[in-house]
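Single-structure report; data block below.
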Amino acid sequence: MKNLESKLFLLIAFFIGTWGALFHAMQTGLIALGLIYNIVKYKDDFVMNIKKYKYYVAIPVIYILYSAVHTLIIVTSGKYAGLKPGFGIFEKEFLVFLLGVLYVISLKSFVSLRLLKQFLLCFCISVLTFNLVMLFHLGGENWFTAPQTVVQNLYASRFGGTKHFLNGEVYLDAQALQSYAAALIAYFFGIIRTKMGEKVIAFTAFALFVWLLSLTVTKSSILSFLCGFVIFNLYFFRKLSVWQRWMFIGVILLVGISGYIFRPASFDQRWIQLKQEIEDVNNGKLDGGSTLVPRIVFYQSCLKNIDSWGIWGLGVYTNVVSKQWYQASGNRVVASLTHSHNSYLQYWMLMGVVGLVFILSWFVYPVKSMICSKKYSFLALSLLVAFFIDSNFEVLLIVNDALPVVMFFLMMFYVFRDQFYALEHESD
């Protein structure tokens, strides 16, 4: 089949955009198939690129070797005898980090600017179709008889919470992450395109993705999106003429004021809840809550036991050991979970200092590459900053719904730095 590698790449882009969260095995299988095909077809290029990015490939390889040795030592030591180890950590290390980086490097042989734009478009289409299906799955026929009631229910239920669909599951925060990623990409296309029709389509898609994000009423995701959005606009604002700047400021103010005036009641409820939990924290009342208080308790429970994991980590016993801390915390929400609600803290507990350095390195490499080359992609920076901030409040770099999405983009930002830079400087 002609250009099979390109078709596989675009199909993978579609699966990266939310649908893959329902079909993890198929998503992984497609990436593995794409890697094998690319190696066979572009063997010499692949070997050359592996040598070029050898230190980047070394990140997951060294981490996997360290994890294996760490597991061997901690299991045979008998320190946690009687507790059940969780060996699932190796699945992510091999199938997301190592397989992902090898596949992205194999793309260097054929991915052009045009194909990169198609990749971003396929991702956005995937996110859009998934969310539209969810809208009708949750609203049904009521969209045609009582649309206002449906919208109110969607906000009240936070877009239905975690989705259980087609025998799969999509974590609400992962869905929110993909929505704001698609929103930033759509906004990017709206900025760089010169044809009015394309601009209208892109900005309409941007508005739709922002609305879909708002349905989740997810504070961390909305905050992350706003930070990425500000970075985007600080860059493009400098390129506008004086009258365009004033018009831009006017539009932003109009949208902001309109959003505040017509905000749904669920936003006010979440704000009242947050203020109450801040007051509870100040008063030392840490047995309830559903947002801020549980996170404070998570962090306190983990840091109180830092002597047992601060340097070397807990490895395959992380979940079972931390579960004991959470159950002893006295907070009912915390006691029901096995993670810390912070991606970086989770990797730190998992493999100690090495784990923390490992996960941070994926964010550092693209930024370092841009600084050294002085080729800054503000699409990449806005998404990277949004992902980084969001991961401080959720375990997005742990759950299979979000990890492949974040890592695939971070790897693309590093390996295809020049192409992302060129996207912002090409002329139609």
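Note: Cβ is positioned from N, Cα and C throughout, glycine not excepted.
Taken straight from TrEMBL:
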DOMAIN    205-360  domain 'O-antigen ligase-related'
TRANSMEM  12-35  transmembrane segment
TRANSMEM  55-74  transmembrane segment
TRANSMEM  94-111  transmembrane segment
TRANSMEM  118-138  transmembrane segment
TRANSMEM  176-193  transmembrane segment
TRANSMEM  200-216  transmembrane segment
TRANSMEM  222-238  transmembrane segment
TRANSMEM  245-262  transmembrane segment
TRANSMEM  345-365  transmembrane segment
TRANSMEM  395-416  transmembrane segment
For the domain 'O-antigen ligase-related' (205-360), the averaged pLDDT of the predicted model is 83
* Asked: Is the transmembrane segment (176-193) close to the transmembrane segment (395-416), in the sense of at least 3 CB pairs under 8 angstroms with a sequence gap of 6 or more?
  -> yes
Report task. Taking the transmembrane segment (222-238) as the first stretch and the transmembrane segment (345-365) as the second, find out whether 3 or more Cβ pairs fall under 8 Å, excluding pairs closer than 6 in sequence. Result -> no
With a cut-off of 8 Å between Cβ atoms, can you find at least three pairs linking the transmembrane segment (94-111) to the transmembrane segment (176-193)? Only pairs 6 or more residues apart in sequence count. no
Answer yes if the transmembrane segment (55-74) and the transmembrane segment (176-193) have at least three CB pairs under 8 Å among residue pairs 6 or more apart in sequence, and no otherwise. no
Given the transmembrane segment (345-365), its same-chain partners at Cβ distance under 8 Å and 6+ residues beyond its ends are 56, 59, 63, 66-67, 70, 89, 299, 302, 309-315, 318, 322, 339, 384, 387-388, 395, 397-398, 407, 410-411, 414
Tertiary contacts of the transmembrane segment (12-35), defined by C-beta under 8 angstroms and 6+ residue spacing from its ends, are 5, 95, 99-100, 102-103, 106, 118-120, 122-127, 129-131, 165-171, 174-175, 178, 182, 400-402, 404-405, 408
